[in-house]
Amino acid sequence: MKSLTLLTICAVLSVSLSMNDLALDVVLDPDPAAEPAPAADSSASSSASSSSSSASDSSASASDSSDSDSSSSSSSSSSSESASAEAMAEDPAAATEPEVIMKRDLASVLLRRKRAAGPAAAAFTLTQVESLSEVCELNLACEHMAETAGIVAAYTAYYGPPPF
């Protein structure tokens, strides 16, 4: 557990140093009730050590691990909170930009599909579409494209715009 705490602290420090954030923000809890409790635990573990050596080893290690767990969790949460606060302080609109871009991209794709399929297919009669498909049947690649992308797109790609 101590090694996990040390690895977490080292990871936070390395990330902050790599981002050139040399001023580390350390936030201490001003909760006075939390501070006397660890002192009482340490005195209990020292009194236990005088009565029994094996009991003191286990209680001291337990109190040490709980102290280090609480300090590491508070420091890691404060560093993550400060990192997110700094990110929001730098550019608050940056968090919403990707969503808007994605919506615009989706809308433009749907609009292009509607424009490509709608008027082109509706402008031709059934006889005209049939004559385009007869011309495309002669070319295997055009016929395959007609099956996947549509006859008008395939004819336009291989032979140019339809003559009618």
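Placed from the backbone N, Cα and C atoms, the Cβ positions cover glycine too.
Remember, predicted model here, so these are calculated numbers, not experimental data.
Long-range Cβ neighbours of Glu130 (Ca(2+) 1 binding site) (same chain, at least 6 residues apart, Cβ-Cβ under 8 Å): none. The feature Ca(2+) 1 binding site is assigned by Swiss-Prot to Glu130.
Here Glu134 (Ca(2+) 2 binding site) comes close to no residue that lies at least six apart in sequence on the same chain with a C-beta under 8 angstroms from its C-beta. According to its DSSP assignment, Glu134 (Ca(2+) 2 binding site) is helical. Swiss-Prot lists Glu134, Glu137 with the feature Ca(2+) 2 binding site, giving similarity to another entry as the kind of evidence.
Positions annotated as Ca(2+) 3 binding site by Swiss-Prot: Glu137. Take the CB of Glu137 (Ca(2+) 2 binding site) and look out to 10 A: across all protein chains shown you find 11 other CB atoms.
The compositional bias 'Low complexity' annotation in Swiss-Prot covers 30-95.
Around the Cβ of Cys136 (disulfide bond), the same chain contributes Cys142, Glu143, Met145, Ala146, Ile151, Ala154, Tyr155, Tyr158, each under 8 angstroms and 6 or more positions distant in sequence. Residues annotated as disulfide bond in Swiss-Prot, with sequence analysis given as evidence: Cys136-Cys142.
Look at Swiss-Prot and you will find 128-160 tagged as domain 'Gla', backed by sequence analysis.
Look at Swiss-Prot and you will find Glu130 (among others) tagged as 4-carboxyglutamate.
Among the features that Swiss-Prot reports, 4-carboxyglutamate is placed at Glu134 (among others).
Residues annotated as 4-carboxyglutamate in Swiss-Prot: Glu137 (among others).
Per DSSP, the secondary structure of the domain 'Gla' (128-160) breaks down as 29 helix, 0 strand, 4 coil.
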